[in-house]
Structures are given as C-alpha cells and as structure tokens.
Amino acid sequence: MKIGFWTWKSIKLSIAIPLMCSHVSSALRAELGLDEEAFGTAAAKKYETLLEKKWTSIVRLQKKIMDLESRNAALQTELANLTPTALSKRHQDPASWLPRSVRHSLESHRDTINSIAFHPIYSSLASCSDDCTIKIWDWELGELERTVKGHTRAVLDVDYGGPRSSILLASCSSDLSIKLWDPADEYKNIRTLLGHDHSVGAVRFIPSGASGTLSSGNLLVSASRDGTLRIWDVVTGYCVKTLRGHTAWVRDVCPSFDGRFLLSAGDDMTTRLWNISGSNSDHKLTMLGHEHVIECCALAPFASYQYLAALTGLKAPPASSAAEFMATGSRDKTIKLWDAHGRCLGTLIGHDNWVRALAFHPGGKYLLSVSDDKTLRCWDLSQGGKCVKTLKDAHERFITCLRWAPGIFKNVPGVSTRDANGESNGVLNTGLKGDTPDVQVRCVIATGGVDKKLQVFAD
C-alpha cells in the first residue's frame, strides 16, 4: 500500500514527539531524517493528537467491517436454509409484493415523525419530526447517518428531487419556511424560501417534461395552513405562482408524473385538481364527498388505470394521460377513489381511525394506507378495493406517514436521477409502450409514527 509523503511524515512525527524529551530524541531525529525544528512547540501542538485520531478512525472502520461481516454471515445462513417454497416467495413478482415483517425499526427522534422520503439513487431515507430535526438514515443497513438541524419549529414534510445534476432535499415547517439542503455537501442548507403566512404542511418537487421524459426539474410546490399552494423556482428561490381556492389548511399536495397537474386536499373537506401546464393555473376540478378533514391524497400511476377504469365500466385511458384517477384519505376513517370527472368510484371502509397517508403500489394492483388505528392496510383494486391484508400494530401508536421507494425508469433519454434508483428487488414492466419507459420496482416501503419509530419493510 502506498503512503503519501505528508501522511508518512505525520506518522513519523506522531511517534517521535512523545519521545522528544527523552535521551533517544537525537538518535531518533537522525534516524528519521528530521531537523531540529521538527520537535518545536508548534509541531508538537499540531501532531500531539494525530495518532489518537488515526486510531479512532481505524476503530470506526473496524466496527463497520464487523457489522458488514455479521450481516453477510446472516444472509449466508438465510440463503443456506431457504427451501424451494421460501425461495419462490422471496423471488415473487414485484407486482404482487406486499409488506410483511419489519426489516429495520429505527429510533433516534425525540418526538412524532411527520414525514419520510427516499433518496432517488442511494439507500438514504430522510425523516422529519416535531423535534425540529431531519434525520438521514441508511435503510439498507438500518443505521443513522446524520441529523440535520436548521428549522426552529416542527418539521412537517420532506421530499427529494431536483434536476439530474443536483438532487436536493426539501423540507417545510411550522416556522413558516421551506429549506433546501444539498446531500452532496453534507446536507448544507443552501436556500430558505419564505412567503407563506402560516405553517407549511407539505412540499413536493414537480416533475418536468412530457410523458416519457420523467425528469424532475427546478420547480417545487408547497401547501400551507394559510390556504394556498405556492410554486417555487429552487434555483432562484422565487415564488413563481400562488394557487388560491381552498378555504382552510391545505394538508397534502401531489404532482402528476408529467408535472402538468397538482392534486390537493385539506381541512375544507375538498379535493382539488389544478392544471398548471399553461400560463394560467386553472382550478380544473373540485371533489366533494368526505365528511371530515382530508388528510392525504394520491394520484394513481398508469399501471392502476386498468383496475380503476373497470369501476367506471370504461376503457382504460392511454398511458400519455395524467391525473385520470386519484385517492383521498380522511378523518372520517374512509378512503375514496375518484376519476378525472370528479365522480366517486368507491369508498373503502375498514380503518377505525383517521386515515393519514396513502401510496399506490407501483404494480398498479394495490393501494396501501396507514391510520391512527395503528394498522397498515392493503386494498386490492382488481377486486373493487377489497382489503386483502392488514398489518396490525405496525406501530405502537398512531401511524402518521407512508412512502414507497421510487422505482427505476428505463429507456428514457436524459432521464433525471430523481427517477433512477439503486438496486431493485425485481423487474416489472408496467405495460407502458413506445417511448414510455419500463419501470423497475423496489420492494421497499417505510412508515413513521407518534411512537417516534421509523419502520422499514423490505425484501
């Protein structure tokens, strides 16, 4: 192994300085080829703790190696004990994968976890909390990587996104601000966006480009307790658009995959679909039906169209269409499915408390939900929304958030890294043809709750 000149010199000095007052200092100095000034006070001060620091680094690396060796041994044992039945289950079609047991239960937050977000490339997972912090985890290893501080009140939402060259983490807070953090620079706060008049409850990067060019651009949307949605340019930090229509707190916002539409919902018990593709952001549609505050909303992926279209008795819309179907979850304990005409296609009943978050399965067949009843439920859209799986007591207290790790979009020229992820657990062709990309699905989801725990479900 090659050692650089200055590294070698620092090692020699680290050994030599503690002996500088002994009778061997002259001989040692001659042996190492050091002059008189090498043992000066300045040099001693500079190098006196160097050896200790080097050994500390070595100990940390050794611990990391031992952890990896332990994990490797466990995986080898698991592989050796796999039966044909277990092997077939492990390599099941990602389109039918549903969460089972928890891989990692992560703890470090000191208060309720409000939101989580997966990094689009690495195995990093961000979580935010009422404790005013953001924490970055390695979900593969189940380790805390760092704690990010900057907000002065509860952090309510986080999201990864941005252009290919510079993926960012966005966060929003009860301190009325939105902050942008650079993962490539140790999550340094590079910009703070101000403009909302009350707590900012949700933030999402807006994908840019037409169907088949699924790249996240420079736009970010935020939803606030002041009743507005704001669209920001993350490069300049300017608010480029303010959307008004809601009459109370806007709890959630979801952009369409092509960036042309926004779906929002909130305390006024309405769900609103916005067309933001033109110079004027038209309020396209208002959906009414819930009997209490709407906590969450989600736009269905194209893979779900065939199942949801069957509920209308019509043919599935083309892959190029966006915002054709959607789902909302409410404090009235129900989930509602809607089409782009504002018609309620069905109401999913089963939760015993507020529905707090929704996520469509990338394979299209299922809708996942979490609730204050401490359960995670899986609804089969091919069976009209029947609940086919319930994970009871997934958390010890209310479950507040749910995220599915974003998948890999293939065959897309110039695709953004926002849509390019790390290793997947299977390949799934969603049925998109022509220039529209195939998708590799990562069978990984995460949930967070009032119990301050982050649960990672993965195969």
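Every residue gets a Cβ built from N, Cα and C, even glycine.
The coiled coil annotation in Swiss-Prot covers 56-83, and the record cites sequence analysis as its basis. Taken from Swiss-Prot, the feature repeat 'WD 1' applies to 108-149. Sequence annotations record features per position, and here Swiss-Prot assigns repeat 'WD 2' to 151-191. The feature repeat 'WD 3' is assigned by Swiss-Prot to 195-244. The repeat 'WD 4' annotation in Swiss-Prot covers 246-284. The repeat 'WD 5' annotation in Swiss-Prot covers 306-348. Per Swiss-Prot, repeat 'WD 6' is recorded for 350-389. Marked as repeat 'WD 7' by Swiss-Prot: 394-438. What Swiss-Prot lists as repeat 'WD 8' is 440-459.
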Other than its close neighbours in sequence, what residues sit by the repeat 'WD 8' (440-459), given a CB gap under 8 Å and a spacing of at least six beyond its ends?
90, 94-95, 97, 99-107, 109-116, 118, 125, 127, 129, 137, 139, 142, 357, 359, 362-363, 368, 370, 374, 376, 394-408, 410, 421-428
Is it possible to list how many residues within the repeat 'WD 6' (350-389) are helical, extended or coil according to DSSP?
3 helix, 21 strand, 16 coil
What mean pLDDT score does the repeat 'WD 8' (440-459) have in the model?
94
Count up the helix, strand and coil residues in the repeat 'WD 2' (151-191) according to DSSP, in that order.
3 helix, 23 strand, 15 coil
